[in-house]
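Please read the structure below before turning to the comments.
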Amino acid sequence: MRGSEMLTAAGGTGTAPSTASSSSAAAADLVAGAGGSGAIGVGEGGGNFPLAVALLAFACANFINLLSIWLKEKRWDARKFLTSAGVMSSLSATVGSLAVAVGQREGADSSAFALALVFAAVVMYDASGIRWHTGRQAALLNQIVCEFPAEHPIISTFRPLREPLGHSPLQVFAGALVGCAVAYFMGKSV
């Protein structure tokens, strides 16, 4: 609901006094969720649709990543569900779906959509730029340290740096595409 719609629904301008209490109850139900529970749901009149869609997109992207790893390595590794490994960026799927879901609910001219879109752009830029290059630098540093002689003082305290930190631009795009598709189809189903 936009601000003007909430004002009208809450008994503001243009509402007769006799219907103000029923409009206020309806607005409270919309804000609190179905039955006042505030549960995460996707139906009209209750829950937090953008949050539910974002979590679903995150799970879908990570499941696709797990499936791709299984097809390549022929083994399941559930620990990779929350890592940066795989064919797509699950965080890009999450923020992409969040932006689309907010746009579907609030409209493309709302401040919430603008905020969600800028947030998505920053996360995707970070994943494909800064974190991806940091991962490449970590791999190079690990290789350099491995070439040191065994008696070098750094060898005794060195722990290899984590290498898969970011994603290639193609992986970020694939994640964003999956996230936007999940939000679009979920928005059409409710």
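Cβ atoms here come from the backbone N, Cα and C positions, even for glycine.
Per TrEMBL, the stretch carrying the note region 'Disordered' among 1-21, 148-168 is 1-21. Nonlocal intrachain contacts for the transmembrane segment (169-187), taken as residues 6+ away from its ends with a CB within less than 8 angstroms of a stretch CB, comprise 42, 49, 52-54, 56-57, 60-61, 64, 86-101, 104, 120, 124, 127-128.
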